[in-house]
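For reference, Swiss-Prot has these:
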BINDING   Lys15, Leu16, Ser17, Gly18, Gly58, Arg62, Thr165, Phe171, Asp174  ATP binding site
BINDING   Gly57, Asp77, Thr138, Gly139, Asn140, Pro141, Phe142, Phe143, Thr144, Thr145  UMP binding site
REGION    23-28  region 'Involved in allosteric activation by GTP'
Amino acid sequence: MATNAKPVYKRILLKLSGEALQGTEGFGIDASILDRMAQEIKELVELGIQVGVVIGGGNLFRGAGLAKAGMNRVVGDHMGMLATVMNGLAMRDALHRAYVNARLMSAIPLNGVCDSYSWAEAISLLRNNRVVLLSAGTGNPFFTTDSAACLRGIEIEADVVLKATKVDGVFTADPAKDPTATMYEQLTYSEVLEKELKVMDLAAFTLARDHKLPIRVFNMNKPGALRRVVMGEKEGTLITE
């Protein structure tokens with residue numbers, strides 16, 4: 001397969017789900033997966049790519065589930081946001097151990113734990129090739145971490161949002177349930193909406209569409225997939241205008 005000599009993106013926003021960090025355990029953080037992801041991010045930095053990362057928190061806490069059981073949704077979402085900060089701390093530690101300069105920012109001020117999110121500071125760090133980990137979602141309840149990824153992607157003027165998942169891309173149906181499901185290589189925003197494909201929640205997706213922010217869905221569990229994506233090779237599903 002032909003490989004471009006240079007990466008096709010200069011600045012990316014990588015969206016990692018909390019589940020991506022839990023490995024086969026089904027809960028918590030798998031240290032070996034964390035270290036592998038840190039190495040893959042390090043490769044991007046060495047290629048000269050500026051990397052922003054938004055991490056979910058579903059491996060530690062899910063607010064929506066407890067909301068159904070009667071917990072106040074705002075309280076549940078605040079707990080979920082704090083779970084993303086815990087994941088961010090773990091990822092920052094893994095990056096530091098891999099000798100990658102990384103800064104953790106939170107949309108909720110947590111003095112003494114990490115920096116508060118500042119758009120200007122994030123841009124400045126990215127320009128200096130620091131990996132910027134963006135935690136606590138948007139800082140508001142009722143918004144998913146996918147919404148946070150698209151919002152931060154637009155704010156930092158990323159070339160693309162790379163949504164790392166457990167499947168190879170966007171399929172015609174759920175590949176786990178339907179063996180005949182096939183993967184799309186490329187889609188437009190309108191096609192995703194027309195076909196009602198589950199890429200991300202509607203608020204997040206329409207935000208990306210309105211700001212013409214491309215989204216690429218790929219499988220982070222495939223070693224080297226992240227590098228192949230940034231080098232412009234066929235990997236995952238690309239969603240653009």
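Glycine is treated like the rest: Cβ placed from N, Cα and C.
Keep in mind that this is a model prediction, so the values were computed, not measured.
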Outside the region 'Involved in allosteric activation by GTP' (23-28), six or more residues from its ends: residues with CB under 8 Å to it: 59-60
The region 'Involved in allosteric activation by GTP' (23-28) [mean pLDDT, rounded to integer]: 83
Integer Cα-Cα distance in angstrom, Gly57 (UMP binding site) to Asp174 (ATP binding site): 23
Where the record names Lys15, Leu16, Ser17, Gly18, Gly58, Arg62, Thr165, Phe171, Asp174 as binding ATP, the maximum Cα to Cα distance in Å: 25
Cα-to-Cα gap, Thr144 (UMP binding site) vs Gly58 (ATP binding site), nearest whole Å: 11
Euclidean distance between Cα atoms of Thr138 (UMP binding site) and Gly58 (ATP binding site), Å: 15
Lys15 (ATP binding site) - helix vs strand vs coil (DSSP): strand
Long-range Cβ environment of Phe142 (UMP binding site), under 8 Å and at least 6 residues apart: Arg73, Asp77
Per-state residue totals over the region 'Involved in allosteric activation by GTP' (23-28) - DSSP helix, strand, coil: 0 helix, 0 strand, 6 coil
Rounded to the nearest Å - Cα separation of Asn140 (UMP binding site) and Lys15 (ATP binding site): 18
